[in-house]
């Protein structure tokens, strides 16, 4: 990857992350409260839907920038030759690139996500006090595994839809067309991975030292299924799909627009 492409991916990814996180923050708050163990209204209901926004604002730019730089670099590296350069292997290349991008980005995302979600579900505490408590009590590294499956679905599907649409119209897609592909891919990935998102929310909101806070995802999913059934596993799926579909439109559309402008 050339320096110009590196900088374009860095800036475009960061700008896209800021746009989507700040624009759609209220929907994310509602989804978090629907999934919380204490229930929607006890977690705050519709009050203070911008609680936790400082954490999102601080983490958005570096998180998205880290993801896209890693994603584009890995795609370029794997596509230089060998089996990964073959057209029919492209989905595997995109899955590997997205997975590695998530691992790098989650070094930033997980701590900010923990603080954000706890602030969303606990109106009595400030973002700063939650941050101090999280840093003092816990290490959140294992939770990055929850984010990877989403990207494994979203990005290969996004790239496939772009390729399909581009080949049918005979030229490279406009930014708004990439945004539409991002919305569709995001909605599908959001629905499929909702149970994992429920587990992530329960783990992040759990008290330090509790069984749930240990991060055993299968155990958390089993507890949710036993207490609330299938509906519990897919709690918040509609706002999640709405949020991520709209987010995919803004995020991937803004990324493509800014990156193409810089290049």
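Backbone N, Cα and C atoms are what each Cβ position is placed from, and that goes for glycine too.
Among the ranges 48-69, 114-135, 136-157, the one that TrEMBL lists as transmembrane segment is 48-69. Proximity of distant same-chain residues to the transmembrane segment (173-192), defined by a Cβ-Cβ separation under 8 Å and at least 6 residues beyond the stretch ends, is recorded for 150-151, 153-155, 157-158, 161-162, 165-166, 237, 240-241, 243-254, 256-257, 260.
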